[in-house]
């Protein structure tokens with residue numbers, strides 16, 4: 001581990017919900033990733049807290065299974081781990097936990113500052129009671145205390161505002177770090193660099209030259225036994241209201257005054273406030289059924305899902321931004337589970353010039369595609385003369401595939417970056433309270449209408465492209481799909497788009 005500029009301080013990372021899946025699959029592996037990169041402060045303590053009674057040896061064995069890397073480093077990292085079982089709604093449990101933390105902190109030599117980072121890897125239903133416990137017993141007396149909160153941040157505007165209000169009574173906004181892990185992904189961070197560091201793009205970045213922008217999130221797995229939890233939220237709350245809206249705001253916002261976190265968020269909030277109400281006539285909802293062979297369970301067959309559930313596992317919606325740059329140009333957001341592939345991307349389709357010289361209607365549009373995952377890449381689809389004696393046109397691309405361009409590429413996990421930024425106190429990749437509020441203002445009326453009218457989702461087969469109506473919606477708003485085109489052309493990962 002590395003010494004920070006403030007080497008006379010201790011960092012205690014406290015993971016609430018340490019026995020849960022999120023902590024095991026994301027939080028601890030991210031901390032281990034930072035440890036491997038020597039990015040944790042030299043005086044670091046990692047303390048887990050949960051209701052489950054687990055012996056420390058069993059706890060470390062459980063965490064170890066999710067860690068990948070050098071075995072000796074893994075042993076060293078596991079030596080940093082501690083675990084305590086206690087209640088979430090009892091002050092005495094937090095007081096006892098505080099004594100244990102203090103005892104560990106006092107073992108550190110030559111330090112006079114004790115910083116604490118709290119990671120709430122817990123269900124949203126207990127955010128408030130755990131926050132009260134942190135505030136009442138665990139705040140550092142000599143150092144900073146910061147709190148990382150995982151989504152979902154409420155399930156509608158009213159519950160989100162209640163959560164923001166209650167947390168605001170306990171912590172200052174500068175000490176709250178609301179995680180949307182998509183903001184930590186390499187390609188999402190690259191969106192601003194591509195836009196504002198390359199002079200070739202900004203003159204084209206408007207309705208004058210772009211016909212549509214499609215932001216897509218596809219998973220090739222279903223709910224896999226988590227249907228009971230998923231059914232409480234649905235795909236719009238789970239993905240579109242947060243991940244995809246964050247990407248949209250970065251793609252569409254005006255240039256910020258600076259790269260300061262508040263300046264960037266100010267522009268994102270301005271942009272979000274320009275989004276017009278979503279029309280139900282411009283929304284497609286879907287729910288996956290079994291695969292054509294009947295081997296994979298349908299959503300309604302998942303344990304915990306009511307047999308009459310109308311919760312969508314797929315959604316597509318058209319967004320209209322009422323500002324000079326984008327007025328009249330559609331943004332199409334799509335997300336779904338149990339589809340034909342795993343993919344997240346931004347697809348910017350350009351208009352043809354008015355004096356287009358080629359008559360073939362099948363000629364594809366120019367597209368700038370930013371592949372967020374998997375296989376991070378940026379590629380520009382162009383038209384070129386096909387080599388030979390005939391004057392035929394074919395589609396090709398200028399391609400920046402990260403793993404081809406950058407040797408020995410080892411991209412950090414999004415959670416690694418976000419935890420590191422919270423240690424630094426950098427809010428650039430986190431969600432501010434007013435940003436969260438306007439996001440719920442956009443989606444709550446739509447969600448209320450869907451639930452009030454019990455709108456039935458369109459069925460689609462597990463492993464398909466999704467509801468047929470979604471492709472029809474895109475076509476209606478000017479998106480032209482390039483059939484038969486493979487990217488990358490010589491890779492088995494290529495997908496026809």
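Note: Cβ is positioned from N, Cα and C throughout, glycine not excepted.
Over in Swiss-Prot, the protein carries these features:
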- 17, 18, 19, 20, 21, 22, 23, 24, 51, 151: NADP(+) 1 binding site (BINDING)
- 151, 181, 182, 183, 184, 185, 219, 238, 337, 342, 373: D-glucose 6-phosphate binding site (BINDING)
- 243: active site, proton acceptor (ACT_SITE)
- 334, 343, 347, 371, 379, 380, 381, 399, 400, 401, 465, 487: NADP(+) 2 binding site (BINDING)
Binding-site residues compared (51, 151, 337, 465) - highest count of Cβ atoms within 10 Å: 337
Cα distance (Å, whole number) from residue 381 (NADP(+) 2 binding site) to residue 184 (D-glucose 6-phosphate binding site): 27
Under 8 Å by Cβ from residue 219 (D-glucose 6-phosphate binding site), counting only residues of that chain that are 6 or more apart: 336, 337, 338, 339, 342
Inter-residue C-alpha distance, residue 243 (active site, proton acceptor) and residue 373 (D-glucose 6-phosphate binding site) (nearest angstrom): 13
Neighbourhood of residue 21 (NADP(+) 1 binding site) by C-beta distance under 8 A, where only residues 6 or more apart in the same chain count: none
Maximum Cα-Cα separation in Å among residues 151, 181, 182, 183, 184, 185, 219, 238, 337, 342, 373, which the record lists as binding D-glucose 6-phosphate: 22
Rounded inter-Cα distance in Å - residue 373 (D-glucose 6-phosphate binding site), residue 347 (NADP(+) 2 binding site): 13
Surrounding CB atoms that lie within 10 Å of the CB of residue 373 (D-glucose 6-phosphate binding site), all protein chains: 17
Extent of the NADP(+) 1 binding site in Å [max Cα distance among 17, 18, 19, 20, 21, 22, 23, 24, 51, 151]: 21
Candidates 17, 19, 23, 51, 182 (binding-site residues) - the one closest to residue 334 (NADP(+) 2 binding site) by CA: 182
Coarse DSSP state, helix versus strand versus coil, of residue 381 (NADP(+) 2 binding site): strand
Spatial separation of residue 465 (NADP(+) 2 binding site) from residue 19 (NADP(+) 1 binding site) - C-alpha basis, Å: 36
Under 8 Å by Cβ from residue 17 (NADP(+) 1 binding site), counting only residues of that chain that are 6 or more apart: 23, 49, 50, 120, 121, 122, 123
Residue 347 (NADP(+) 2 binding site) CB neighbourhood, other CB atoms within 10 A: 20
